[in-house]
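Structure, as C-alpha cells:
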C-alpha cells in the first residue's frame, strides 16, 4: 500500500533554508561591518584632526616666540597671514604679553575647534595664540564615506543574495565549480563574496581550510593597505615639516637681524666657531676677516673684560655653570659695545664638552641709558641735599628770629608793665589820702584811667605776640555757656540800645547749656564779634544765632549778622590780619587786633571763623568750635566772699619780716608803703646779690623777688638762697611783668613759691601774703556777705554818692568788658564807699556786669 501524498508533510527545502539563513546573515554582517568600518575611519579622521591641530599650535609657538619677544609686529602679521592662507584654518588670533591683538583672522564657521596656547620665552609669558580648525573637511569626508558604505552595503547584499541563490541552485550539481568560483573571487580580492555552506561533511575540511586561507590573505592585504596608508601620511608630514623648518629658519633670521641678536655655534672638539650674519653685524667684522676659531673671538674682547669672559667660558666647559656673562668688545673701528651672552653646553657620554650654542645681545643702548639715569640721580641727590641745607638754614634763621622776638616781647613786657605798676599803684595810694582835694582826686582818676587804657592796649599787643609765638595755652574747664552768653548779650544790649539798634538772640534748642572749653577766650570771641557789629552798625540791628553743626553735633555754631555798611571783597582779604583797620582813617579806633585775636583764639580751640559780607547790605561772621558737652553737676561754682578795706594785721600774729628785691626805685617804694601800711617790717635790695646777703643776715619769712635785675637776676638769687641753710623755709614770691607761661614755670622750677604779675592790685598782694604766710587782716567793715545777699547794696541811690566822672568810667569799663580796667575803677569806688566797692567786686568777680549796669544807668537818669 503506497502512502497518500496529499496527506504526507511537505519536505523542507534545503535550498530555501540555506538561502534564507544566508540572506539574513549577510544582511546583519554587512550592516555591522559597514558600521564598524565607518566608526573606525571616523575615529582615525578625528585623531588626524587633533594631531593636525597640535602640529599647527606647536609650529605657531615656535615661529612666534622671537617676534613676540622682540615686539616685531610686522613679522608677526606676516606669519599670521601666511598661516591663515591654509583653507583648514578658520580662526587665528595673535596677542602680545599685554593681551593686545597683533593679528586677527576669523572666518564664519560654527563647526570649528579652537585651541589657545601661551607662548613662553625663557619661562616668561610673552603672548598667546588662539587657532581654530574647521571640521567641514572631516565632516564632508565622513558623509562621503557614509554614502559609499551604504551604497556598497546595499550592492553587496543584492549581489550576495543573488550569488547565493545561484550557488545553491547549483550546489548539489556542481559543488566543485562553486569552490573554484570562490577561489577565483578570492584571487580577485572579492573576499566579501565568498560564502560557502558548511552544513555538509563532504565539504567541511575543504571549506574550513579555504576560509582560513581567505581570512589570512585578507588580513595581510588589510595590513599592507594600512602600512601603505601610514607611510604615505608620514611622507606628507615630513614634507610639511621640512617646509615649516625652512620658513622658521627664514623668520628666525629676520628676527635676529631686527633684534640685534647674534647666534653662534662652537665646535669645541675641532675649535670651529660658526657665526650667523647678525653676529658679524654685531661685532662689525666681515666674514672674510673672521678666522672662525675661538682665538679670533677672544681678540675682539675688551682688554679689561678678556680674562673674565674667558674664565666664564672655562667654567661652562667644566660644567660649573652655563655661560651667560656680560662683557665689552672693541670693534675694528674702535667703538666699544656692551654684549650680553647666553649659551647651552653639550657633553658626550663621558661628560666632556663637545659643543656650545648661544646668542649675543647688544646692550650698549641700555647701558648708556642706565648711565644717564645714574648721572641724573646723582645730580638730583645733590640738588636735594642742597635744598635740605637751605631749608635747615632757613629753619635755623626762623628759630633765631622767633627767639629774638620772644626776648623782645619779654623785654617789652618788663619795660612797659614796670612803670605802669608804679603809675597805677601810686595813683591808688594817693587817692586814699583824706586831705586830697576833689580836683586832685579827679586828676588822679584821669591818670588811673589812662594807665588802664594803656595797659589794655599793651595786653592786646602782647597777647597777639604770644599767639604768633605759639605761647598761648588753653584753660579748658566746665562752665555754664548759657550764662556766659546772656552776660555778653546783656552788656551789648545797653550799647545797642544807646544807638537805637535791635539786638536779637536766636538760640537753637540743641545749643548746649554746659560745656567744657576755655571760657575766657570764648567770651572774648563773642565780645569781639558782637562788639564790632554794634560799633559799625548805624541802623537796623544785630542778630546772634547759636546752634550746633549737624550731623555729629560736636561743634558750636555762632553767627553774628548785622545790617551795617558791609565789607568789600578786597577788605575781607585783610580783615583778620593784625594791626589792620578798615574804613576811613578818621573813623578808625583801637589797635586793629580784635578780629585777628578772634581768629587766632578760634584756631587754638580747634575751630574756624569766617565772614560773608555784601557792601551796603551787611555782614555775617560765622564761628565753628569743637566742644565737649558736660553735665551740670560738673560745674564748679565758687563761693565768693569779699572783705572790706584792709586796715592792718589781726592781733595774735608773729612779727613778720619781708625782704623786697626790686631794681626799680618806684616799685620798691610802692611795696614798702604797702608793707608799712600793714605794719610789717621790711628791707629792700636792688639786685639778687644784695638779696642773698640780706637773707643770710636778716632771715626774712617772705621775699618779694623781681625777676629781671642787674648784677644777679631773681632766678639765680632764688637758687642761691635755696642752697643756703634755712633757705628752703623762706617763701619767695616773684613780682614779674612776664606774660609767658614758660617763664612762670621757669620761676617755679627755680624754687619760687608763687608769683604776682605787674601791674598788680593791692588785693593781690594781700591775698598772696595770706596764702604764703597765713596772714590775717583787719578790715574797715568786717567780712562781707555772699554773692546772693549783695544785691541789696546795688541800689541806684548808692551810686549817686560817686562823682559823675567815676560813674562814667565804671560804665565805660563795664561796656568794654575789660576786666583789669573794671577792677581798677571798682578799687577807686572804695575811696567813697567801701561797702559798695565790696559789692561791686563780688558781682564783677562772677562776671555779672549787667547787674551793675542796670542800677548805674538808673542813677544817671
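Just so it is clear, glycine is given a Cβ too, placed from its N, Cα and C backbone atoms.
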Range among 145-168, 169-192, 193-216, 217-240 that TrEMBL annotates as transmembrane segment: 145-168
20-41, 42-63 - the one TrEMBL records as transmembrane segment: 20-41
The domain 'PAS' (248-320), counted residue by residue under DSSP: helix, strand, coil: 41 helix, 12 strand, 20 coil
Spatial neighbours, same chain, of residue 706 (4-aspartylphosphate) - Cβ under 8 Å, 6+ residues apart: 661, 662, 663, 664, 667, 714, 734, 735, 736
Helix-strand-coil residue split for the domain 'PAC' (323-375), DSSP-based: 12 helix, 27 strand, 14 coil
